[in-house]
Every structure is written in structure tokens, then in C-alpha cells.
């Protein structure tokens, strides 16, 4: 319709009935247009979001429906990688699995180590505590080296030293020597996770990070399973020393595979940017801390809660089954295996689903659902019901953990993708290193009311339930107030 002066004058001289008809036509057109827009909104309802702004907008967005731009994709499609990507991820997975095998060799053989060294098993567990406490040192040392000089060589050196320490552990003749070796091992273990995580996340396609993050993290559970099978195949027949000697085989294989790795494009670009800068490296680090100090503190606190969740739900559970319920060591091992199977399922599933729901929302769901399964995890007296509880609690504990590698990688400051995740992870581990000792001490101070064979029975179950319930709540609060950068590009020119 022409809105010029002539048209306006002509419209003003129209008879009343013509003017009314014109108004009705215009009203009808407006109504039709509004109806059309309503239909479009109805059809595109799931894809329309209210964009929130403000200081706390990221909190409210957590309670909105998932971003329509991230639809749930076929997992079989996401699992398709190029040969280079598949090879790089496989080496990263094997490195973390080897890490776990070596770590759990100690926890599996504490009784045999105590008999060999003439000490109580409780003194042998100090080797585990020392290992956990020194992991941040390795995360810092290997993380800085990897961010400056690449992931490949530091990973090979790390795994090579693994084999030396593990081999030497089998020749230990006293507890002091063994603890000293495990202290060095703790430094190496702390360095491996940051190396492997950064290597894997940088090599993967953006849309596949979630599902492979879950697979990568559950290399730890797979290592636990392998260590359990090796223990029961080797120790009764060849003794505990052979367990440490034979366990170097997976590490040796991984070293050979790591030799043929290529550095990732993301690291090359970050390194070029650092070289182009006229600033010394320590100045770059200080600038990063000035800009991202709050993010660093948040990551450490979150990792402390996550590690309390992991160690608090795993480390003492076999003792809970044996001492509080009187089950056999074989049954306790079955409980450990079932829990690890749940961990593998949860890590893979929730890592995959995080590509649709988002990283924080997925972890929040795991925290809420995991808390609901605490009663089934600790209250039943029948073995089968306890196994079901162990399975489901680990589905959600490790489901949340399955998102952590990709979450930390995506919020990492540029150029610090090996140091930031690894160091925050291991500093959190340092805070939670005493989780099982706290549970054991509190359980022994608060025994069950009835006696068994004239002796008090520690109430480990109640202590575990309270601690894990509190930690689930802490994780939920931390993840709600945090931020995420899902789909962040690690290389220039890559579309996320």
C-alpha cells in the first residue's frame, strides 16, 4: 500500500462504508499475519529460546531446555574418527588405563605387602596417600613441559619412567623403599592425566568430544578391572612381586605406540602464538593467572569435590562389604567389578548425552540421581541388592566424571590445555587424598550397636552415605554457579 501524500488524501475522501471495509481488511490481514507467526512459533517451539542477559544469566540458562542448535546425534556417527584421530585417542586412553593398573596394584595387594614387610596393612596404605599427595607436582612439571614442547615426548618419558618404578617396586625389601618408589610414581601419575586429556580432546572433532570424554575417563575403571583380573591370576600363583613385574607390559606397549604420534594442530597454533609473543613464558603465565584466577580456583574446588565423590564411593567399599556385612574377599571383588562396570556405562552414556544437554546440566543430573541411589548402595543386607546399589551409584558418579575431561579442556585458557586441567585435577586430588581414611576413622568411632563375635563392627555404610550425600550437594552447587564453553574451537579457522 502506497503511503505517499496523494494516497493519504484519497483515503481521507473515501466514504464511511468503504473506510470501514478497508479497516476490516487491514484487521483481517493483521490477524492472519499474527496467526501465521503463532503457527511458526508453535512449530518451532523447541527451537526458540529466551536469551538471558546479566551477571547470573548462565545460572538461569541451566534450567532452560537444551540449546536447539545441539541436537542429539547418532552415537555411531560420533564414534567415527579418522585414522589419525583414532590412533591419538587410543594412545591417550591406554596411557590413563596403564596409570590406573599401576595404582590399583597397590590397593589390591596391601595384605600381601603387609605380610612381606612385617607391618599392618594400614601402614601400607600410606603409600597410596603419598602417591595421591605428590600427583600435583607431576601435573605441574609435565603440564608446563607439554604446553611448551608438545605432548608426545613428555608422554613417552612419563610412561618409560612408569615401567622403571613399577619394575623396581617388585624388588622392594622394606616398606620405606616401597613408599619412596610410590612417591616417585605419584609424580608420574599426576603428569599423565593432563598429557592424555589434552592430547585426546585437541585431536577429536568438536561434536565427538563428549562421548570420547566419557570413554577416556573410564580408562581408569578399565584399568581397575584389569588390575583385579591380574591380581587374581598372578598373586595366588606367582606372588605379589610378579604382579608389579608383569604389569609393566601394557606400559611398554603404550610407549611404542606413543612414538608414532603426531602433535595436534591445536598445540602447534598455541605454540606459534607463544613464540610470536615478546613476553617471557613466566610473564605469559602470570598474565593468564591475573585474567583467569577465579576460573583456576573454581576448577580446583570442583575437582576436590569430584575426587571426594570418586574416592569416597570407591576406596572403602570393599572393606565395607567385608567388615560390616561379613562377605568374603571374593564377593568384595565382585562388588568392585560390578561397580566398575556401572562406571564404564555411566561415563560413556553421560559423556555422550552432554553434547545435547550441556556439560553442566549433565553433571547436575548425575548429582541429583546419584544422591537418590545412596540408600540402595548402603542399606540392604542382601548381597545382590548391594551389588545393584554399587552399580547405579557408580553409573552416576562416573557419569559426572565422564564429562570432566572435555569440560576442563573447554574452559582451559588458551595455551595451557595440558597444565590447567591436569593441575586443577591433581590439586583437587590432593585435597581429597584422605577421603577413605576419614570414612574409616569415623566408621570405627561410630560402630554398629550389635557385636559380632564379641567385637564391635564399624558402621562404614552410614559414614559413606552421609559423606557422599554432602558431596553430591556440593557438586550440584558448584556446577550450577560455574560456566561452560561447550563446542569451543581449539584451532583457528575451525568452526565449532
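Glycine is treated like the rest: Cβ placed from N, Cα and C.
The compositional bias 'Basic and acidic residues' annotation in TrEMBL covers 8-19.
The domain 'Major facilitator superfamily (MFS) profile' annotation in TrEMBL covers 88-486.
According to TrEMBL, the region 'Disordered' annotation covers 1-46.
Long-range neighbours of the transmembrane segment (86-104) within the same chain, counting only residues 6 or more positions beyond its ends whose Cβ lies under 8 Å from a Cβ of the stretch, are 128, 131, 155, 158-159, 162, 166, 185, 189, 192-193, 195-197, 199-200, 203-204, 212, 215-217, 219-224, 226-228, 230, 247, 250-251, 253-254, 257-258, 260-262, 264. The feature transmembrane segment is assigned by TrEMBL to 86-104 (among others).
Among the features that TrEMBL reports, transmembrane segment is placed at 124-146 (among others).
According to TrEMBL, the feature transmembrane segment maps to 153-171 (among others).
For 211-234 (among others), the entry in TrEMBL reads transmembrane segment. Sequence-distant contacts of the transmembrane segment (211-234) (same chain, at least 6 residues past either end, Cβ-Cβ under 8 Å): 75, 78-79, 89, 92-101, 103-105, 108-109, 196-197, 200-201, 204, 242-243, 246-247, 250, 333, 336-337, 340-341, 343-344, 346-352, 354-355, 394, 398-399, 401-407.
The list of residues near the transmembrane segment (240-261) in space but at least 6 beyond its ends in sequence, with Cβ under 8 angstroms from a Cβ of it, reads 87-88, 90-91, 94-95, 97-98, 101-102, 105, 108-109, 112-113, 116, 151-152, 155-156, 159-160, 162-163, 166-167, 169-171, 199, 226-227, 230-231, 234. According to TrEMBL, the feature transmembrane segment maps to 240-261 (among others).
If one looks beyond the transmembrane segment (293-312) by at least 6 residues along the same chain, the residues whose Cβ comes under 8 Å of a Cβ in the stretch are 397-398, 400-401, 404, 408, 411, 413, 420-421, 424-425, 427-429, 431-433, 435-436, 439, 464, 467-468, 471-472, 474-475, 478-479, 482. Summarising the annotation, TrEMBL assigns transmembrane segment to 293-312 (among others).
Feature annotation from TrEMBL assigns transmembrane segment to 332-350 (among others).
Summarising the annotation, TrEMBL assigns transmembrane segment to 362-380 (among others).
With a cut-off of 8 Å between Cβ atoms, the residues of this chain six or more beyond the transmembrane segment (386-408) that come close are 197, 200-201, 209-210, 212-218, 221, 299, 303, 306, 309-310, 313-314, 317, 321, 325, 334-335, 338-351, 354, 359-360, 362-363, 366-367, 369-370, 373-378, 380, 420-421, 424-425, 468, 475, 484. The transmembrane segment annotation in TrEMBL covers 386-408 (among others).
As annotated by TrEMBL, transmembrane segment applies to 463-482 (among others). Sequence-distant contacts of the transmembrane segment (463-482) (same chain, six or more residues past either end, CB-CB distance under 8 Å): 58-59, 62, 298, 301-302, 305-306, 308-309, 312-313, 316-317, 320, 360, 363-364, 367-368, 370-371, 374-375, 377-379, 393, 400, 435, 438-439, 442-443, 446.
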Overall pLDDT of the domain 'Major facilitator superfamily (MFS) profile' (88-486), taken as the mean: 88
Beyond the flanks of the transmembrane segment (362-380) by at least 6 residues, Cβ under 8 Å: 62, 313, 320, 346, 350, 353-354, 386, 388-390, 392-393, 395-397, 399-400, 403, 407, 461-462, 464-465, 468-469, 472-473, 475-476, 479-480
